[in-house]
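Here's what Swiss-Prot has on this protein:
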ACT_SITE  217  active site, charge relay system
ACT_SITE  281  active site, charge relay system
ACT_SITE  620  active site, charge relay system
REGION    1796-1874  region 'Disordered'
COMPBIAS  1797-1812  compositional bias 'Gly residues'
COMPBIAS  1830-1843  compositional bias 'Polar residues'
MOTIF     1867-1871  motif 'LPXTG sorting signal'
MOD_RES   1870  pentaglycyl murein peptidoglycan amidated threonine
């Protein structure tokens, strides 16, 4: 809007003031503003009578004065209205005393058009000096020293004065006015003061009027009381403007003048409010930009940076609980709409860590497009510190990395202003103040209260200091409490115990509350404690806590006042580091400069939903600060009174947005590091410095001159360099009308040359000066008015300065007019390529104790999906390391390890990444993965895990090129290789991990027992000799052993030497139980041993006890147990009320025996004996009773030779229930719990009711309340006795109780879930790819549940099932809003169903034949062709190896087709080669084709044998030739070898003497040497011979003419043939022609025929025919049968004609391609015409939500783009896109028929009720999904899902659903939770909504 025209004097003052604003104190500007505001009352005199004028002015002034006093005192914590009248008059206030004399800006001493800073300061000093006499008089009245003096804009000074004395000051001669100093309450007053925002408001009155800022975030609450404009008359976006936009866009709506437009892009509805319960990120961001609160309490009112700016609510995060991330399609739509509707600035406080800078990224491309439209983009840098800070995400480097960047995408966008975070000086937070009512006051100090319910729990309580045994402050142990704690507030020290335990023990001691004193000895508050919320607790710093302890010790019986409230307190973090420790480091990984600038982002107070407020931290808070500031800058540019308005008006597009960014960076103030001698903070951390909004506006109003690097960027990017002298150029632009000269500052701190350093004690990164380094200008810096000057500078480094270090700093320039320019610079001295891309095994990041195993191989068991760390060994001290010689897996399906993959700790972002498996000779076996880029590893604070690169698994199989089948690789040594190029570098790095494929188990021999006696104790060992010929015996030395069936599953072996034939002698100690089981005689031994590949040998042996000479009876398992129960090994129950007990053992002879039953009767045992092994087995029946039994074993059947006697007790009587009742006998309940009661038999030990152990009373009775869920609940009750016998009873109880009727109230069938559902043509049973219709079925929980999808009420059947259809089309991301409600409750919740699909397979056209074999003698075969798809991503595999892929993060809704040119080499094997080529799109639709190639090495064939028909003189001679081998063809030449042709079957008829050459050829292109055969026996000039020669030449001339007329050959050779034909005809016409002349003419003509070149060579023909086949398939029947009006033929017929022409070869490839292009253009036009004709205007003019354009525009754009394509394959891709569009439009038409809308969405149903207003549901803003695999547990295994594969058949279009994955697993604990809160940096991932923080589509191989 236009600003109101100011009075001339004010305008001039404002203009002149520009020269001094760089040195003008903020106080003077505020003084001017206060005076202006509080003297407006005098204007009333112009509108009232003289009689009333005085009274009106007096009343107004009094009211204004009282309000100003009250406001000022409120800021100091004093309630003016509660003071009595005497106190009100006596209290001191701050005032501004203004002099009668004019200030320097108005007294005529300065030029109104231009004055230098020096001149302004000189005149200002004169004005201030003249104030001396007045100041003296004022000080006499106030008894206070005068404060700050002003002389430029205001002639006056500040002072303190009692209210009663204010009139006295007004009476002093020379005093014009006395004005109350105004109090400002911005977003965070301290944050804005850091950036001088108030000065802009005050001096320029810029508050964002007429500007629009787009908030692309989680949503805005437009009803918040601070979301307002002071005046909505002259807004940029009116309601009418918005309605015009929404009429076109077909989405979004107008809300109010402050938030004129909003739309929920994630859920496709108008619910723009974030329903997250804990915190609303977008609302906080919106408040920082433009809240416009009123009132004096900063905790209850917020004013943003640009409070009068309008805000767009572009909600891109769903209200669904299923996802806290967003995707490319959603973001791009919001960005594009922001630009279309006219946003001046867009803010994105979101991103995914460590991004790249490529326009292949759709978000970065969208940002650039927005810039080009003139919308500035401001984006947060990220909250991850450095990649070297391990789990902390702060300003540290524990690994010594050269590449520590973490700036996120889309913040890496070149044109965006990327913002780092500084700490706020003060913070509004919950704080405690402790007073005794007299002299003690502790605080206010920031605290963390266990629950807000306890704010009053500490007030007026007594305190109790808990002391330990030494009399020191206790850490809260139970034993340290006494009875004195009861009812008091206990005070303990931090440490040893968990916070929860401290609370528990204090509560148990009867304390009323707990205060935990920090233990670090500092004043740092304790604000990150894991407290329970059930007991009043908070913490104090060490300093404050000790003061409290001391006071309580002196006043043990006194109570204290404790006030806990929101309070403005100093930010402790600011005193430790002015920058926020979490702010992400730059630069971009290619050494581009980022971040750009810093703003306050740490501890910012801003708005929340429902008129709420909260404190949040993050670059998410810093970014909106800059967005608001750029709105102010844009307002300044729009000010027609600005002296540079004419220049600003012509700025458009990126020129405008770059200018705003440059001005802010040029005027930013570099921050110094208070912890390291005030050196600079690295530009890689702070960018250009802290924003100074006042300085930026000053520049725009006074002198908008700038300095940039040679490439136009407002920072110097030196990249990497190796010379100690580095030159660079700066461009200075003077936009004033006067010449400017600049001097570079020589401050030894700010302007020194710096490099990075690491504090060895803390790991903190800081900058240090490079001694001897300097930067000098090559010439004086003089810039003519209105011109630019390019100046060369030289950076000089000392020769001793080591390479591989950053070099950085700031260049500051002072202009001749006093203006200043700031420019950061940064580069890398050394080779950026050199830094490793991946950490090595056991490398710098390897820290098992911290849960980080770094780079590590993973071995997977396919049956269970469990993963294990490969080669992991543990030394004697318990340290784990990876032994790279022990990494192995087996191709034996029975082995534990069935495949290998790698989890890489990437140290850098890398591009052109390839993962290969190599054999022992370094030959490539397969390529597992090929991708454009991979992101470095970092710790994601939101998901609490490291984000690794999980590379694909190899299962030991390979593609056999000979037959096209998958085969198992041979055992041997292999290499797992990753290679890639570091971003910003150009050299490929390789990292190899060796491993072995071993399918053979180790061999074991000579199993025996040995014994050693140590300290009087005999230790027995199981010994053996073992050998493994490949992977080696298990490096962990783990074995399993059994002695007489007593097992030891955790045994280990030791090496005891090596045999001569290479066996390792091993010995394993027996456990005590195994030793006890040993007997004299044959002991059964079992040794289970594996190799490193997990192949197992299970060796059984019979061993003798060392030293034994007798053979005693041995019963396995240590003998018959003392008790036989249902849990005893060997017992097996039967159905007759008993069972059988079986035992076994060894004895050198048969064993017999007896047993006694329950009645004491003796019976014979059932025994068997194996003489070969000396083993026996015996069994005895037992009954379900408790009784004593005896077992006797004998050496004879007569039972005379007793071997052993056993006494045992049979204990098989199970416990019993009496009077067992479930729910008092009822099967139904409406309660939350049911009661289970009963009595059990006396021998019962425990009763388990579900998961609860019931308490038994003295009568063995129990009663348990069991919670039940809605629906059927099966309740199990199990009684267990002392012997382990159990009895179980169960009952099903149906519960109608449901505390949350809406929780889990809707479930879907066939795998459909709320959130993202991603599928392709064949992977979803609910979807029909032919129609594009999805049929969604499911069930609701209650009959009262209601379900609304996309605005339509879904009918619920009587059986609670439902079914509805959605038209999804064939491609895109389609969100549908879902509202679930219940008719019995007045509430709903909102969810979303999002479908991400591609139902169209890519096309694949190969240049080589796929129908007939190809033969070659060249081992290097090139596969060429093209692939297209309806979306932009394609990947290519050849022979199962992934060889190429495109940028994976695509906008699937862009409508842009995909295209890939194929040109891949393949090394051929000798003989047959089956080459399988497959292309796959973004949703795993795959098209496959095979090429069969036969290859034989090039060789020289044996020469053919030539035989003449006669050697006698003859008229003709027939020459026949035979090849030396079968399969060869003999060719001849009659023209000396110029041309050859096949020898006819009948031979070559020769009519004239001459020399003929013959050679043999084969299919592979091999040839023999040519042999000459000279014909000399033709009789000359024989009339018959002459006639024959004429006839032969006549025939050949006729043949030549036929060939010339065929049109198959190119012009050059056809012309040569015509000339040869004419020459032959001339020879024929000669009357004196001889046989020789005719033969020569014949030979020349034959040569010309042989040299004819086909218009369409064979390879081109094959390629074209394949291409035509693909086109015909894409057209399908309906489109192919339509007629081209220009030709009258169907398109299929036209293609058939092309096929015929290609087969005939009468046109060149270019001609045929041109014709094909015309056909495809006609097809595109016909298809577009048909779509448009079938689309009613109301639908065609409606908006496609995916593209933001009308359907008609989508059709036209796709048609135009397709017809503009030069390549037929591109046209085919656009045809696919148009076909996909056809499906979408048809769906929109169908929807319009039903509900009257045309945007592809549905509106109000005519049956199911109206469009619901979705109620928000919780989401989790700022959470990155860990998208690259889960982490192994510390125990060494990772549970995962088994990998699957799906093969494809020849030339089939198939779906690939089973790509190998590395699995999912449990996350290892990584130590104590970080003590800083999540900072709201929104993680973004795409389409599976997708993995690790976020924006990115799923990675193909993960």
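Using N, Cα and C of the backbone, Cβ positions are placed for all residues, glycine too.
Overlay of Swiss-Prot annotations on the structure.
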residue : record                           : Cβ within 10 Å
217     : active site, charge relay system : 31
281     : active site, charge relay system : 30
620     : active site, charge relay system : 34
CA pair residue 217 (active site, charge relay system) / residue 281 (active site, charge relay system), Å rounded to integer, equals 7
Integer Å value for the Cα distance linking residue 620 (active site, charge relay system) with residue 281 (active site, charge relay system) is 8
Mapped onto three states, the DSSP assignment of residue 281 (active site, charge relay system) reads helix
Simplified DSSP label at residue 217 (active site, charge relay system) comes out strand
For the motif 'LPXTG sorting signal' (1867-1871), the averaged pLDDT of the predicted model is 34
